[in-house]
Amino acid sequence: MAGQSRKWMILVATIWIQAFTGTNFDFSTYSSNLKSVLGISQVQLNYLAVASDLGKVFGWSSGLALLYFPLWTVLFAAAIMGFVGYGVQWLVITNVISLPYILVFLCCLLAGLSICWFNTVCFVLCIRNFPANRSLALSLTVSFNGVSAALYTLAYNAINPVSTQQYLLLNSLIPLVVSFAALIPILRQPPLEPLPPDGVRRDSFMFLLLNILAVFNGVYLLLFGSKTSDVTSARLLFGGSILLLILPLCLPGLIYARNWYLQNIHSSFRLEGSGFILVDVDELEMHKGMVTREASREGYQLLNDDVARAIITPDLKSFIEDDDKFCCNKLVTRNQLGMLGEEHPLSLLLCRSDFWLYYIAYFCGGTIGLVYSNNLGQIAQSLGQSSETTTLVTLYSSFSFFGRLLSATPDYIRAKVYFARTGWLAVALFPTTIALFLLASSGSLAALQAGTALIGLSSGFIFAAAVSITSELFGPNSVGVNHNILITNIPIGSLVYGFLAALVYESHSMAGSKTESVICMGRDCYFLTFVWWGCLSVVGLGSSVVLFLRTRRAYQRFEQDRITSSMLYS
């Protein structure tokens, strides 16, 4: 009983960590000020944003640290890196100290690395304590990483809504304080106990309740995250957001109450000797059902193509039967993925067409959304909407949060509507394309807000769904290495896309003093950037569609096998 309540406290602690460590999302709120203080160009400012994303290149270091040090040590190492990285930047931006550009670049790199280490700690906590529902645990906790910018905006408004330097100080201190708050649940992790099938269903229902509560968090932050009427109101609103984050702590009490009821009251009416055979949890859960090729040959008999076709809808069936008529048939069928969950070592992964299609889809989708958020301050300034920067950051943050929550939708509706997760990825990329061409066609505030919301929603879904997709396509045991390889596209995209945006920006900027940073005003500052980004997002969308076509049969086979197993054991 105590173990069950402790694991939910760990989940709440993980939510807190994620909610306050997405500090890279508020870069655009202080980037203009940092650019002015350092007297740097837009290209040099882009390199600072890239430095934060470069932390993902060294993400493997957190996994290496966990091999030699306990989890709490890695947590505080991440907090100290963020404390130093953001703290030194705060000292620079407030003119307390003066540092050369290269040292500021290294501070940004250190701060970005801290975020990666925090994420690793959260992933490990979810996988260790919720092995049967890890996809739900990961999607829920990763979702809260998307609201960091909104939470920091509320904290900024509650303290001093005048000086944007305050963001760097908050980025430095708050993750350290949250790490201390999360320490006790992490130190008291319960031993791993296998759950019966009814326990898995109970946990899934609990996750549903938590997702509903998370939606309230998102709506609250969307409505009130950027209100700056007065300091008193801002403090009340910030207090309300903290209360919503504390509410999940009621879960351990509910677990105790429910277990007491089952043991003392419900057990009096329970009928013994039930003749029903329940399906094993490993056969019901997507991730637990994934096995290696050898194990699958012994335990699972995958359907042949004729049986797989029989379970597909008539429209899709006719589409499959017409595959040979397409000129791109070889692109879809060559070296096609035969089953889900097959482990892919590095050498095999890099030879897979599916991996490179997935890489391009992520590179031309979610990564563009992240670079857009880094440039949001300059985009708003160029359109004469500098006063709306915090509102736009909150809008992006909130819709990124909703997108991350939506990434759990396939797991909740799979009994009613089944669709390959790679198909959901293609659907999620579509709003980014719409948003970028909308931003290119109009410079109005309404278009800016709508485009920001759509990009946040799309990129949030992609960031949260990527871990599950990597696990399903290339093996759950190799996901740590394979996913770190996948997200190397983020610093590459940040450099390429940001450099492209900076060149366009400076080509239209106003000539000024050599000691002052250049400023660009007007729609031309980002028009070509939006067009190029939009065209690249179309490439990503096409790549995701081809990936879906190549993997749909493997998903259908797996789902039919799961249904067949369920029928046999029910």
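Cβ coordinates come from backbone N, Cα and C, glycine included.
Curation plays no part in TrEMBL annotations; they are all automatic predictions.
According to TrEMBL, the protein has these features:
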{"type": "SIGNAL", "residues": "1-25", "note": "signal peptide"}
{"type": "DOMAIN", "residues": "7-252", "note": "domain 'Nodulin-like'"}
{"type": "TRANSMEM", "residues": "74-93", "note": "transmembrane segment"}
{"type": "TRANSMEM", "residues": "99-124", "note": "transmembrane segment"}
{"type": "TRANSMEM", "residues": "136-155", "note": "transmembrane segment"}
{"type": "TRANSMEM", "residues": "167-184", "note": "transmembrane segment"}
{"type": "TRANSMEM", "residues": "205-224", "note": "transmembrane segment"}
{"type": "TRANSMEM", "residues": "236-257", "note": "transmembrane segment"}
{"type": "DOMAIN", "residues": "342-555", "note": "domain 'NFD4 C-terminal'"}
{"type": "TRANSMEM", "residues": "355-373", "note": "transmembrane segment"}
{"type": "TRANSMEM", "residues": "425-447", "note": "transmembrane segment"}
{"type": "TRANSMEM", "residues": "453-474", "note": "transmembrane segment"}
{"type": "TRANSMEM", "residues": "486-505", "note": "transmembrane segment"}
{"type": "TRANSMEM", "residues": "525-549", "note": "transmembrane segment"}
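Of the two recorded stretches, the transmembrane segment (74-93) lies close to the transmembrane segment (167-184), with three or more CB pairs under 8 Å once pairs fewer than 6 apart in sequence are set aside. Within its own chain, the signal peptide (1-25) is flanked in space by residues 52-53, 75, 78, 82, 86, 111-112, 114-115, 118-119, 121-122, 125-126, 129-130, 137, 140-149, 151-152, 171, 174-175, 178-179, 181-182, 185-186, 188-191, 193, 206, 210, 245, 248-249, 251-253, 255-256, 259, 373-374, 393, 396-397, 400, which lie at least six positions past its ends and keep a Cβ under 8 Å from the stretch. Across the domain 'NFD4 C-terminal' (342-555), the model assigns an average pLDDT of 84. No contact links the transmembrane segment (453-474) to the transmembrane segment (167-184), because fewer than 3 Cβ pairs that are 6 or more residues apart lie under 8 A. Most Cβ pairs within less than 8 Å of the transmembrane segment (486-505), among stretches 99-124, 136-155, 167-184, 355-373, 525-549, belong to 355-373. Counting Cβ pairs under 8 Å to the transmembrane segment (167-184), the top-ranked stretch among 99-124, 205-224, 355-373, 425-447, 525-549 is 99-124. Counting C-beta pairs under 8 angstroms (sequence separation of 6 or more), the transmembrane segment (355-373) reaches the transmembrane segment (425-447) with 3 or more such pairs. Proximity of distant same-chain residues to the transmembrane segment (136-155), defined by a Cβ-Cβ separation under 8 Å and at least 6 residues beyond the stretch ends, is recorded for 11, 14-15, 18-23, 25-26, 29, 119, 122-123, 126-127, 129-130, 167, 170-171, 174, 204, 207, 210-211, 214, 217-218, 221-222, 224-226, 234, 237-238, 241, 390, 393-394, 396-398, 400-401, 403-405, 407-408, 411, 456, 460, 463-465, 467-468. Through the fold, the transmembrane segment (525-549) approaches residues 331-332, 354, 357-358, 360-365, 368, 372, 375, 378-379, 382, 420, 422-423, 425-426, 429-430, 432-433, 436-437, 439-440, 497, 500-501, 504-505, 508-509 of its own chain, all at least 6 residues removed from its boundaries and within a Cβ separation under 8 Å.
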